[in-house]
Structures are given as C-alpha cells and as structure tokens.
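Student: To start, I am sharing the structure in question, which I have written as structure tokens.
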Amino acid sequence: MTTNKSSLSYFTDALWINNQPLVAILGICSALAVTTTVTTALTMGLAVSFVTGFASFVVSLLRKITPESVRMIAQLIIISLFVILIDQFLKAFFFNISKTLSVFVGLIITNCIVMGRAESMARHISPIPAFLDGLGSGLGYGWVLVCISIIRELFGFGTILGFHIIPKIFYASAAHPDGYENLGLMVLAPSAFFLLGIMVWLVNIVRASKTKR
C-alpha cells in the first residue's frame with residue numbers, strides 16, 4: 001500500500017473521519033454491556049486503544065516475515081498477548097472495574113476493530129503509522145462509548161462517574177410523589193443501540209451535507 005499520508009493523518013482519520021463504530025459500524029456489540037456507566041465505558045475504550053495500537057504496531061513490524069498461510073493466526077496470537085496484558089493489569093490495579101467488566105475485557109480479541117485494523121492497515125504500512133492508526137481507531141471507538149454512557153448513566157442513575165448530577169431533592173418521594181424518576185429504559189441494553197443509531201444518523205447527515213457542498 002503506497003501512500004503519501006503523514007503519520008499523524010492516520011491517527012486523525014481513524015479518530016474522526018473513518019470512525020469505526022459510526023462510519024464502518026464495527027465494534028458495536030460491546031455498546032450493549034459496557035456503557036451503563038462512564039467508568040466502564042472509559043475503561044473499555046482505553047483498553048481497546050491499548051490493544052489496537054500495540055497489536056497493529058507488532059503486526060506491522062513482523063509483516064515482512066509473516067507467512068501468508070498463517071497471517072491471521074499470527075495476528076490473533078499478537079492480539080491475544082495484548083488482551084491478556086491489559087486484562088491482568090486491570091485485575092491487579094483496578095479490580096472492581098475489572099470485576100464489573102467481567103468477560104468483556106477478554107472478548108476484546110473478538111472485537112472487529114482490532115482485527116480489522118491489523119488486516120486492512122497494519123500489514124500494509126510501517127510500524128509508526130500502524131500504531132497511530134490503531135490508537136486512533138481505539139480512541140475513536142472509546143469516545144463513542146463514553147458519549148453513549150454519559151446519557152445512559154445520567155438519565156438511568158442520575159449520576160456521571162458516580163457523582164450525583166441530578167439533585168436528590170428533585171426525585172419523587174412520599175412528600176412529592178410527582179417528582180423526578182430515573183429513566184429505566186436507559187439501564188436496559190437496547191437503549192445503547194438506539195443512542196448509537198442516533199449518532200450514526202447524525203454523522204450521516206453531516207457527511208451528506210458536506211458532500212452536497
């Protein structure tokens with residue numbers, strides 16, 4: 001793959017222009033499970049960024065000596081290595097978050113974004129651009145999850161990062177039965193897909209308006 005793109009443009013393109021969840025509609029399955037709170041969404045976003053960035057770097061580094069016949073197996077092994085590293089790191093230093101995320105950290109290996117960047121980009125370009133492309137793809141995935149989680153946590157629990165944003169005096173009580181109640185729909189998994197769908201729709205509107213210009 002020959003290109004005149006600067007190294008930084010790989011990062012910015014992956015972060016915004018070719019955002020994987022919003023443009024390619026990849027990596028959306030975890031939006032169901034890890035976006036109920038900002039903490040879990042942020043952690044998953046950073047974990048995927050770490051794995052995608054460094055896995056892409058290593059895949060690119062070994063691209064000229066990796067036989068085509070075992071290419072995808074080699075990529076899976078490399079991705080698995082970094083998934084295990086981040087999983088053990090979370091268990092050692094952020095045990096409560098790791099416990100909340102449960103198996104979903106380990107399932108990063110099945111995330112379409114990670115393998116997709118390794119297969120479509122990292123094995124065709126040099127290590128530094130590959131790392132920046134992977135990092136941008138991971139962070140692009142992460143900010144989408146965080147946006148969804150902010151809405152879900154705020155309206156589902158009345159908090160952001162565990163801090164109460166909606167004052168408790170606004171909530172319904174025996175004295176004020178008509179007060180505010182948390183929106184239970186936001187705690188349920190389908191709300192993540194609805195919110196993601198709205199984000200994809202808005203992105204398509206913006207892209208279409210720019211094309212018309």
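Cβ from N, Cα, C; glycine included.
Sharing the features that Swiss-Prot gives for it:
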{"type": "TRANSMEM", "residues": "14-34", "note": "transmembrane segment"}
{"type": "TRANSMEM", "residues": "42-62", "note": "transmembrane segment"}
{"type": "TRANSMEM", "residues": "77-97", "note": "transmembrane segment"}
{"type": "TRANSMEM", "residues": "101-121", "note": "transmembrane segment"}
{"type": "TRANSMEM", "residues": "131-151", "note": "transmembrane segment"}
{"type": "TRANSMEM", "residues": "154-174", "note": "transmembrane segment"}
{"type": "TRANSMEM", "residues": "183-203", "note": "transmembrane segment"}
Student: What stretch in 14-34, 42-62, 154-174, 183-203 has the biggest tally of Cβ pairs under 8 Å against the transmembrane segment (101-121)?
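Tutor: By Cβ pairs under 8 Å, 42-62 leads among 14-34, 42-62, 154-174, 183-203.
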Student: Would you mind listing the long-range same-chain contacts of the transmembrane segment (154-174), meaning Cβ under 8 Å and 6+ residues beyond its ends?
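Tutor: Hits for the transmembrane segment (154-174): 36-39, 180-187, 191.
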Student: Sequence-remote contacts (6 or more beyond its ends) of the transmembrane segment (183-203), Cβ cut-off under 8 Å?
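Tutor: For the transmembrane segment (183-203), the far contacts come to 19, 21-23, 25, 28, 31-33, 35-36, 144, 147-148, 151-153, 155-157.
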